[in-house]
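Structure first, commentary second.
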Amino acid sequence: MDEADRQLLRRCRVRLVSELQVAELWDALLSRELFTRDMIEDIQQAGSGSRRDQARQLVTDLETRGRQALPLFISCLEDTGQGTLASLLQSGRQAAKQDPEAVKPLDHLVPVVLGPMGLTAKEQRVVKLDPSQPAVGNLTPVVLGPEELWPARLKPEVLRPETPRPVDIGSGGAHDVCVPGKIRGHADMAYTLDSDPCGHCLIINNVNFCPSSGLGTRTGSNLDRDKLEHRFRWLRFMVEVKNDLTAKKMVTALMEMAHRNHRALDCFVVVILSHGCQASHLQFPGAVYGTDGCSVSIEKIVNIFNGSGCPSLGGKPKLFFIQACGGEQKDHGFEVACTSSQGRTLDSDSEPDAVPYQEGPRPLDQLDAVSSLPTPSDILVSYSTFPGFVSWRDKKSGSWYIETLDGILEQWARSEDLQSLLLRVANAVSAKGTYKQIPGCFNFLRKKLFFKTS
(Lines of atoms letter the chains of each structure in order from A and count residues from 1; the text may use other names and numbers.)
(Lines give C-alpha, C1' and ligand atoms only; values in the text may rest on other atoms or scores of the structure.)
Protein backbone atom coordinates (compact mmCIF):
# COMPACT_ATOMS: atom_id res chain seq x y z
CA MET A 1 0.00 0.00 0.00
CA ASP A 2 1.22 3.50 -0.83
CA GLU A 3 2.35 5.54 2.15
CA ALA A 4 -0.28 8.21 1.43
CA ASP A 5 -3.06 5.60 1.52
CA ARG A 6 -1.63 4.07 4.68
CA GLN A 7 -1.55 7.45 6.40
CA LEU A 8 -5.10 8.20 5.27
CA LEU A 9 -6.36 4.93 6.76
CA ARG A 10 -4.71 5.73 10.06
CA ARG A 11 -6.14 9.25 10.16
CA CYS A 12 -9.62 7.87 9.55
CA ARG A 13 -9.19 4.83 11.78
CA VAL A 14 -11.30 6.05 14.71
CA ARG A 15 -14.26 6.88 12.50
CA LEU A 16 -13.95 3.68 10.48
CA VAL A 17 -13.90 1.53 13.62
CA SER A 18 -16.88 3.44 14.98
CA GLU A 19 -19.09 3.36 11.87
CA LEU A 20 -17.95 0.51 9.63
CA GLN A 21 -20.62 -2.16 9.04
CA VAL A 22 -18.34 -5.13 8.53
CA ALA A 23 -21.01 -7.81 8.15
CA GLU A 24 -22.10 -6.30 4.85
CA LEU A 25 -18.56 -6.21 3.46
CA TRP A 26 -17.47 -9.85 3.50
CA ASP A 27 -18.89 -10.87 0.11
CA ALA A 28 -17.62 -7.72 -1.56
CA LEU A 29 -14.13 -8.22 -0.14
CA LEU A 30 -14.10 -11.83 -1.35
CA SER A 31 -15.36 -10.99 -4.83
CA ARG A 32 -12.60 -8.41 -5.30
CA GLU A 33 -10.01 -10.85 -3.88
CA LEU A 34 -8.90 -8.37 -1.25
CA PHE A 35 -8.97 -11.18 1.32
CA THR A 36 -9.33 -14.95 1.23
CA ARG A 37 -12.08 -16.71 3.13
CA ASP A 38 -9.59 -17.87 5.76
CA MET A 39 -8.41 -14.30 6.29
CA ILE A 40 -11.96 -13.08 6.73
CA GLU A 41 -12.59 -15.81 9.30
CA ASP A 42 -9.51 -14.60 11.19
CA ILE A 43 -10.84 -11.04 11.13
CA GLN A 44 -14.26 -12.21 12.35
CA GLN A 45 -12.60 -13.93 15.32
CA ALA A 46 -10.50 -10.89 16.28
CA GLY A 47 -10.71 -9.87 19.93
CA SER A 48 -14.12 -10.63 21.36
CA GLY A 49 -15.64 -10.96 17.90
CA SER A 50 -17.59 -7.73 18.30
CA ARG A 51 -18.28 -5.45 15.35
CA ARG A 52 -15.74 -2.92 16.62
CA ASP A 53 -13.02 -5.54 17.07
CA GLN A 54 -13.68 -6.90 13.59
CA ALA A 55 -13.61 -3.39 12.10
CA ARG A 56 -10.38 -2.60 13.91
CA GLN A 57 -8.69 -5.75 12.61
CA LEU A 58 -10.03 -5.20 9.08
CA VAL A 59 -8.56 -1.69 8.91
CA THR A 60 -5.23 -2.98 10.25
CA ASP A 61 -5.02 -5.88 7.80
CA LEU A 62 -6.06 -3.73 4.85
CA GLU A 63 -2.64 -2.06 4.96
CA THR A 64 -0.99 -5.33 3.87
CA ARG A 65 -3.15 -5.94 0.80
CA GLY A 66 -1.21 -4.09 -1.89
CA ARG A 67 -1.26 -0.83 -3.80
CA GLN A 68 -4.86 -1.15 -5.00
CA ALA A 69 -6.25 -2.16 -1.61
CA LEU A 70 -7.70 1.23 -0.66
CA PRO A 71 -9.49 2.03 -3.95
CA LEU A 72 -10.94 -1.49 -3.99
CA PHE A 73 -12.04 -1.08 -0.38
CA ILE A 74 -13.71 2.21 -1.27
CA SER A 75 -15.65 0.47 -4.05
CA CYS A 76 -16.73 -2.19 -1.53
CA LEU A 77 -18.06 0.57 0.73
CA GLU A 78 -19.99 2.11 -2.15
CA ASP A 79 -21.51 -1.24 -3.13
CA THR A 80 -22.70 -1.90 0.43
CA GLY A 81 -24.38 1.46 0.95
CA GLN A 82 -21.64 2.97 3.11
CA GLY A 83 -21.22 6.00 0.89
CA THR A 84 -20.34 8.41 3.69
CA LEU A 85 -17.22 6.46 4.61
CA ALA A 86 -16.41 5.90 0.93
CA SER A 87 -16.59 9.66 0.29
CA LEU A 88 -14.41 10.33 3.33
CA LEU A 89 -11.65 8.08 2.02
CA GLN A 90 -12.02 9.13 -1.61
CA SER A 91 -11.78 12.83 -0.82
CA GLY A 92 -8.75 12.13 1.36
CA ARG A 93 -7.01 10.33 -1.52
CA GLN A 94 -7.74 13.19 -3.91
CA ALA A 95 -6.42 15.75 -1.44
CA ALA A 96 -3.21 13.78 -1.00
CA LYS A 97 -2.68 13.63 -4.78
CA GLN A 98 -3.18 17.39 -5.13
CA ASP A 99 -0.80 18.17 -2.26
CA PRO A 100 1.69 15.30 -1.83
CA GLU A 101 3.78 17.35 0.60
CA ALA A 102 0.87 17.33 3.02
CA VAL A 103 1.49 13.64 3.60
CA LYS A 104 4.63 13.24 5.66
CA PRO A 105 6.27 9.92 4.74
CA LEU A 106 6.43 7.40 7.54
CA ASP A 107 9.25 5.51 5.88
CA HIS A 108 11.83 8.26 6.35
CA LEU A 109 14.94 6.60 7.70
CA VAL A 110 16.16 7.60 11.13
CA PRO A 111 19.90 7.10 11.59
CA VAL A 112 20.61 5.99 15.15
CA VAL A 113 24.19 5.91 16.37
CA LEU A 114 25.06 3.46 19.08
CA GLY A 115 28.11 3.39 21.30
CA PRO A 116 31.46 1.65 20.76
CA MET A 117 31.11 -2.06 20.11
CA GLY A 118 34.66 -3.19 20.86
CA LEU A 119 35.59 -3.30 17.19
CA THR A 120 39.08 -3.86 15.85
CA ALA A 121 40.89 -0.90 14.35
CA LYS A 122 40.05 -2.04 10.84
CA GLU A 123 36.35 -2.22 11.69
CA GLN A 124 36.13 1.26 13.21
CA ARG A 125 33.98 3.74 11.31
CA VAL A 126 33.40 7.44 11.19
CA VAL A 127 29.70 8.12 10.85
CA LYS A 128 28.56 11.40 9.34
CA LEU A 129 24.83 11.90 9.71
CA ASP A 130 24.66 15.53 8.56
CA PRO A 131 27.24 17.53 6.60
CA SER A 132 26.67 20.43 8.98
CA GLN A 133 27.43 18.31 12.04
CA PRO A 134 30.87 17.11 13.17
CA ALA A 135 31.71 13.49 12.50
CA VAL A 136 31.56 11.05 15.40
CA GLY A 137 34.35 8.51 15.62
CA ASN A 138 34.44 4.84 16.60
CA LEU A 139 30.66 4.38 16.47
CA THR A 140 28.51 1.78 14.76
CA PRO A 141 25.51 3.07 12.76
CA VAL A 142 22.12 1.40 12.78
CA VAL A 143 19.43 2.54 10.35
CA LEU A 144 16.03 1.93 11.85
CA GLY A 145 12.83 1.55 9.84
CA PRO A 146 9.50 3.30 10.49
CA GLU A 147 8.91 3.90 14.17
CA GLU A 148 5.39 2.54 14.02
CA LEU A 149 6.71 -0.87 12.97
CA TRP A 150 8.04 -1.36 16.50
CA PRO A 151 5.27 -1.17 19.11
CA ALA A 152 6.24 0.84 22.16
CA ARG A 153 5.93 -2.20 24.39
CA LEU A 154 8.13 -4.28 22.12
CA LYS A 155 11.30 -2.38 21.31
CA PRO A 156 13.50 -4.89 19.46
CA GLU A 157 16.68 -6.01 21.13
CA VAL A 158 18.90 -4.84 18.27
CA LEU A 159 22.56 -4.01 18.80
CA ARG A 160 22.38 -3.10 22.48
CA PRO A 161 25.74 -1.60 23.39
CA GLU A 162 25.13 -1.80 27.11
CA THR A 163 25.06 -5.60 27.08
CA PRO A 164 28.35 -7.03 28.45
CA ARG A 165 30.32 -8.90 25.81
CA PRO A 166 31.98 -12.12 26.97
CA VAL A 167 35.11 -11.30 24.95
CA ASP A 168 36.49 -7.81 24.35
CA ILE A 169 38.21 -7.69 20.97
CA GLY A 170 38.88 -3.97 20.99
CA SER A 171 42.64 -4.40 20.62
CA GLY A 172 42.49 -7.49 18.48
CA GLY A 173 43.02 -9.96 21.31
CA ALA A 174 40.87 -11.72 23.86
CA HIS A 175 40.56 -10.07 27.26
CA ASP A 176 38.91 -11.56 30.30
CA VAL A 177 36.12 -8.96 30.48
CA CYS A 178 33.41 -11.55 30.97
CA VAL A 179 34.88 -15.01 30.73
CA PRO A 180 32.49 -17.39 28.89
CA GLY A 181 33.61 -20.37 30.95
CA LYS A 182 32.59 -18.67 34.18
CA ILE A 183 29.20 -17.66 32.79
CA ARG A 184 28.49 -21.12 31.38
CA GLY A 185 28.82 -22.61 34.84
CA HIS A 186 26.08 -20.45 36.36
CA ALA A 187 22.53 -21.55 35.53
CA ASP A 188 21.16 -18.13 36.48
CA MET A 189 23.42 -16.37 33.93
CA ALA A 190 23.45 -18.74 30.96
CA TYR A 191 21.17 -21.42 29.53
CA THR A 192 22.29 -24.96 30.16
CA LEU A 193 23.00 -26.87 26.96
CA ASP A 194 24.23 -30.17 28.38
CA SER A 195 22.21 -32.64 26.31
CA ASP A 196 23.82 -34.20 23.25
CA PRO A 197 22.33 -33.57 20.79
CA CYS A 198 21.18 -30.32 22.35
CA GLY A 199 17.98 -30.02 20.33
CA HIS A 200 16.11 -30.11 17.04
CA CYS A 201 16.77 -27.71 14.16
CA LEU A 202 14.17 -27.39 11.39
CA ILE A 203 15.26 -25.71 8.14
CA ILE A 204 12.52 -24.76 5.65
CA ASN A 205 14.00 -23.82 2.28
CA ASN A 206 11.62 -22.47 -0.37
CA VAL A 207 13.27 -22.03 -3.77
CA ASN A 208 10.73 -22.81 -6.50
CA PHE A 209 7.37 -21.03 -6.44
CA CYS A 210 4.29 -21.79 -8.53
CA PRO A 211 3.90 -19.51 -11.59
CA SER A 212 0.58 -18.12 -10.39
CA SER A 213 2.25 -16.76 -7.25
CA GLY A 214 4.27 -14.22 -9.21
CA LEU A 215 7.30 -15.06 -7.04
CA GLY A 216 10.67 -15.75 -8.64
CA THR A 217 13.01 -18.68 -8.11
CA ARG A 218 15.35 -18.04 -5.17
CA THR A 219 18.59 -19.06 -6.87
CA GLY A 220 21.37 -19.46 -4.32
CA SER A 221 19.11 -20.46 -1.44
CA ASN A 222 20.26 -24.08 -1.58
CA LEU A 223 23.73 -22.82 -0.69
CA ASP A 224 22.27 -21.17 2.41
CA ARG A 225 20.47 -24.40 3.30
CA ASP A 226 23.61 -26.52 2.98
CA LYS A 227 25.72 -24.08 5.00
CA LEU A 228 23.29 -23.96 7.91
CA GLU A 229 22.59 -27.69 7.84
CA HIS A 230 26.33 -28.30 8.25
CA ARG A 231 26.74 -25.52 10.82
CA PHE A 232 23.93 -26.59 13.14
CA ARG A 233 25.04 -30.22 13.01
CA TRP A 234 28.44 -28.94 14.11
CA LEU A 235 26.64 -27.12 16.93
CA ARG A 236 25.20 -30.49 18.04
CA PHE A 237 21.65 -30.13 16.70
CA MET A 238 19.54 -32.79 15.00
CA VAL A 239 18.84 -31.05 11.69
CA GLU A 240 15.82 -31.72 9.49
CA VAL A 241 15.45 -30.01 6.11
CA LYS A 242 12.16 -29.38 4.32
CA ASN A 243 12.28 -28.06 0.76
CA ASP A 244 9.65 -26.16 -1.25
CA LEU A 245 6.67 -26.23 1.11
CA THR A 246 3.34 -24.53 0.58
CA ALA A 247 2.09 -22.25 3.34
CA LYS A 248 -0.15 -25.01 4.69
CA LYS A 249 2.67 -27.57 4.65
CA MET A 250 4.97 -25.10 6.40
CA VAL A 251 2.49 -24.77 9.25
CA THR A 252 2.03 -28.56 9.32
CA ALA A 253 5.80 -29.15 9.56
CA LEU A 254 6.13 -26.58 12.35
CA MET A 255 3.19 -28.00 14.31
CA GLU A 256 4.53 -31.53 13.93
CA MET A 257 7.81 -30.34 15.42
CA ALA A 258 5.99 -28.56 18.27
CA HIS A 259 4.09 -31.75 19.15
CA ARG A 260 7.31 -33.71 19.71
CA ASN A 261 8.65 -34.33 23.18
CA HIS A 262 11.58 -31.95 23.79
CA ARG A 263 11.93 -32.63 27.52
CA ALA A 264 15.31 -34.37 27.20
CA LEU A 265 16.65 -31.56 24.98
CA ASP A 266 17.86 -28.06 25.86
CA CYS A 267 17.24 -25.86 22.82
CA PHE A 268 15.26 -25.54 19.58
CA VAL A 269 15.99 -23.78 16.26
CA VAL A 270 13.88 -22.87 13.22
CA VAL A 271 15.44 -21.49 10.04
CA ILE A 272 13.21 -20.21 7.23
CA LEU A 273 14.61 -19.30 3.80
CA SER A 274 11.96 -17.83 1.52
CA HIS A 275 10.43 -14.73 0.00
CA GLY A 276 8.87 -12.40 2.57
CA CYS A 277 6.62 -9.40 3.01
CA GLN A 278 5.21 -7.03 5.60
CA ALA A 279 2.24 -8.20 7.64
CA SER A 280 0.01 -6.89 10.39
CA HIS A 281 1.30 -7.97 13.78
CA LEU A 282 1.13 -7.51 17.52
CA GLN A 283 4.60 -8.75 18.45
CA PHE A 284 6.76 -10.10 15.64
CA PRO A 285 6.62 -8.30 12.27
CA GLY A 286 6.71 -9.81 8.82
CA ALA A 287 5.56 -12.93 7.00
CA VAL A 288 7.14 -15.58 4.79
CA TYR A 289 5.71 -17.12 1.64
CA GLY A 290 5.01 -20.74 0.87
CA THR A 291 5.63 -22.01 -2.65
CA ASP A 292 1.93 -21.56 -3.44
CA GLY A 293 2.19 -17.79 -2.92
CA CYS A 294 0.29 -17.80 0.38
CA SER A 295 2.05 -16.35 3.40
CA VAL A 296 2.44 -17.29 7.05
CA SER A 297 3.12 -14.55 9.58
CA ILE A 298 6.26 -14.76 11.70
CA GLU A 299 4.03 -14.15 14.71
CA LYS A 300 2.01 -17.26 13.90
CA ILE A 301 5.17 -19.33 13.44
CA VAL A 302 6.61 -18.24 16.78
CA ASN A 303 3.34 -18.75 18.62
CA ILE A 304 3.20 -22.39 17.52
CA PHE A 305 6.01 -22.97 20.03
CA ASN A 306 4.61 -20.97 22.94
CA GLY A 307 3.93 -22.50 26.35
CA SER A 308 0.56 -23.99 25.43
CA GLY A 309 1.56 -25.18 21.96
CA CYS A 310 4.83 -26.81 23.01
CA PRO A 311 5.02 -27.21 26.81
CA SER A 312 8.11 -29.45 26.63
CA LEU A 313 10.13 -26.41 25.45
CA GLY A 314 9.05 -24.27 28.40
CA GLY A 315 11.98 -22.35 29.88
CA LYS A 316 14.28 -23.42 27.04
CA PRO A 317 15.67 -21.12 24.33
CA LYS A 318 13.74 -21.13 21.07
CA LEU A 319 15.62 -19.49 18.19
CA PHE A 320 14.17 -18.38 14.85
CA PHE A 321 16.38 -17.25 11.96
CA ILE A 322 14.44 -15.62 9.12
CA GLN A 323 16.09 -15.04 5.73
CA ALA A 324 13.38 -13.17 3.85
CA CYS A 325 12.51 -9.63 2.88
CA GLY A 326 10.66 -7.41 5.31
CA GLY A 327 9.28 -5.25 2.51
CA GLU A 328 10.21 -3.58 -0.76
CA GLN A 329 12.30 -0.55 0.24
CA LYS A 330 15.96 -0.47 -0.77
CA ASP A 331 18.19 1.12 1.83
CA HIS A 332 20.85 3.42 0.36
CA GLY A 333 22.36 3.98 3.81
CA PHE A 334 24.12 7.22 4.71
CA GLU A 335 27.60 8.64 4.32
CA VAL A 336 30.39 6.79 6.11
CA ALA A 337 34.17 6.95 6.00
CA CYS A 338 35.20 3.34 6.40
CA THR A 339 38.63 1.73 6.61
CA SER A 340 37.21 -1.78 6.36
CA SER A 341 37.58 -3.70 3.11
CA GLN A 342 34.45 -5.74 3.72
CA GLY A 343 32.15 -3.61 1.55
CA ARG A 344 31.27 -4.90 -1.88
CA THR A 345 29.27 -3.49 -4.73
CA LEU A 346 25.97 -4.90 -5.85
CA ASP A 347 26.37 -6.93 -9.03
CA SER A 348 24.00 -8.63 -11.44
CA ASP A 349 23.99 -11.78 -9.30
CA SER A 350 22.49 -10.00 -6.28
CA GLU A 351 18.73 -9.95 -5.91
CA PRO A 352 16.29 -9.23 -3.09
CA ASP A 353 13.89 -11.67 -1.47
CA ALA A 354 11.31 -8.89 -1.83
CA VAL A 355 7.72 -9.00 -2.96
CA PRO A 356 6.67 -5.64 -4.48
CA TYR A 357 3.05 -4.58 -4.13
CA GLN A 358 2.83 -2.99 -7.57
CA GLU A 359 0.94 -5.91 -9.08
CA GLY A 360 -2.23 -5.07 -7.22
CA PRO A 361 -3.95 -6.92 -4.41
CA ARG A 362 -3.06 -10.51 -3.70
CA PRO A 363 -5.10 -12.92 -1.59
CA LEU A 364 -1.95 -13.87 0.26
CA ASP A 365 -1.23 -12.63 3.77
CA GLN A 366 -2.55 -14.92 6.48
CA LEU A 367 -2.62 -13.00 9.72
CA ASP A 368 -2.71 -14.17 13.29
CA ALA A 369 -5.36 -11.77 14.60
CA VAL A 370 -5.06 -12.66 18.27
CA SER A 371 -1.68 -13.29 19.81
CA SER A 372 -1.44 -16.20 22.22
CA LEU A 373 1.95 -15.10 23.59
CA PRO A 374 1.37 -11.82 25.45
CA THR A 375 4.60 -12.13 27.47
CA PRO A 376 7.06 -14.12 25.36
CA SER A 377 10.10 -15.53 27.07
CA ASP A 378 13.06 -17.65 26.00
CA ILE A 379 12.50 -16.59 22.38
CA LEU A 380 14.82 -14.89 19.92
CA VAL A 381 13.76 -14.01 16.38
CA SER A 382 16.65 -12.92 14.16
CA TYR A 383 15.69 -11.14 10.93
CA SER A 384 17.97 -10.79 7.93
CA THR A 385 16.69 -7.23 7.51
CA PHE A 386 14.51 -4.65 9.24
CA PRO A 387 10.76 -4.57 8.49
CA GLY A 388 10.02 -2.64 5.32
CA PHE A 389 13.36 -3.34 3.64
CA VAL A 390 14.70 -5.89 1.18
CA SER A 391 17.13 -8.67 2.06
CA TRP A 392 19.84 -9.32 -0.50
CA ARG A 393 20.80 -12.73 -1.86
CA ASP A 394 23.66 -13.52 -4.25
CA LYS A 395 22.88 -16.20 -6.83
CA LYS A 396 26.41 -17.62 -6.58
CA SER A 397 27.24 -17.37 -2.88
CA GLY A 398 23.84 -17.25 -1.15
CA SER A 399 22.30 -14.52 0.98
CA TRP A 400 24.43 -11.89 2.70
CA TYR A 401 22.84 -12.69 6.06
CA ILE A 402 23.24 -16.48 5.99
CA GLU A 403 26.73 -16.34 4.50
CA THR A 404 27.81 -13.98 7.27
CA LEU A 405 25.97 -15.84 10.04
CA ASP A 406 27.64 -19.10 9.05
CA GLY A 407 31.09 -17.52 9.04
CA ILE A 408 30.59 -15.80 12.40
CA LEU A 409 29.33 -19.02 14.02
CA GLU A 410 32.31 -20.95 12.69
CA GLN A 411 34.82 -18.41 13.98
CA TRP A 412 33.31 -17.21 17.26
CA ALA A 413 30.69 -19.68 18.55
CA ARG A 414 33.27 -21.36 20.80
CA SER A 415 33.87 -18.21 22.83
CA GLU A 416 30.93 -15.79 22.49
CA ASP A 417 27.25 -15.86 23.38
CA LEU A 418 24.50 -15.62 20.78
CA GLN A 419 23.77 -11.93 21.23
CA SER A 420 27.43 -11.03 20.72
CA LEU A 421 27.51 -13.24 17.63
CA LEU A 422 24.50 -11.43 16.18
CA LEU A 423 26.18 -8.07 16.82
CA ARG A 424 29.07 -9.27 14.70
CA VAL A 425 26.68 -10.43 11.98
CA ALA A 426 24.88 -7.07 11.93
CA ASN A 427 28.15 -5.15 11.73
CA ALA A 428 29.50 -7.29 8.89
CA VAL A 429 26.30 -7.34 6.82
CA SER A 430 25.82 -3.58 7.17
CA ALA A 431 29.19 -3.05 5.44
CA LYS A 432 28.22 -4.94 2.30
CA GLY A 433 26.90 -3.73 -1.00
CA THR A 434 25.82 -0.55 -2.77
CA TYR A 435 22.40 -0.96 -1.23
CA LYS A 436 22.50 -1.49 2.51
CA GLN A 437 21.05 -4.14 4.78
CA ILE A 438 21.03 -4.32 8.57
CA PRO A 439 19.88 -7.46 10.39
CA GLY A 440 18.03 -7.11 13.66
CA CYS A 441 16.35 -9.26 16.26
CA PHE A 442 13.62 -9.43 18.85
CA ASN A 443 15.35 -10.82 21.91
CA PHE A 444 13.24 -12.27 24.72
CA LEU A 445 15.93 -14.59 26.06
CA ARG A 446 16.33 -14.44 29.83
CA LYS A 447 19.97 -15.53 29.89
CA LYS A 448 23.04 -15.69 27.72
CA LEU A 449 23.19 -18.56 25.26
CA PHE A 450 26.45 -20.30 24.39
CA PHE A 451 26.25 -22.95 21.68
CA LYS A 452 27.67 -26.43 22.23
CA THR A 453 30.64 -26.80 19.86
CA SER A 454 32.30 -29.97 21.12
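Heads up, the Cβ atoms here are built off N, Cα and C, so glycines get one too.
What Swiss-Prot records for 1-92 is domain 'CARD'.
Positions annotated as phosphothreonine by Swiss-Prot: THR163.
Within the same chain, residues at least 6 positions away in sequence whose Cβ sits under 8 Å from that of TYR191 (phosphotyrosine) are ASP266, CYS267, LYS316, PRO317, LEU445, LYS447, LYS448, LEU449, PHE450. The phosphotyrosine annotation in Swiss-Prot covers TYR191.
Annotation source Swiss-Prot lists active site at HIS275 (among others), citing similarity to another entry. According to its DSSP assignment, HIS275 (active site) is coil. HIS275 (active site) counts 26 other C-beta atoms within 10 Å of its own C-beta, drawing on all protein chains shown.
Sequence annotations record features per position, and here Swiss-Prot assigns active site to CYS325 (among others).
Here Swiss-Prot flags SER340 (among others) as phosphoserine.
Residues or ranges marked as phosphoserine in Swiss-Prot (evidence: similarity to another entry): SER348 (among others).
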Residue counts (helix, strand, coil, in that order) that DSSP gives for the domain 'CARD' (1-92): 66 helix, 0 strand, 26 coil
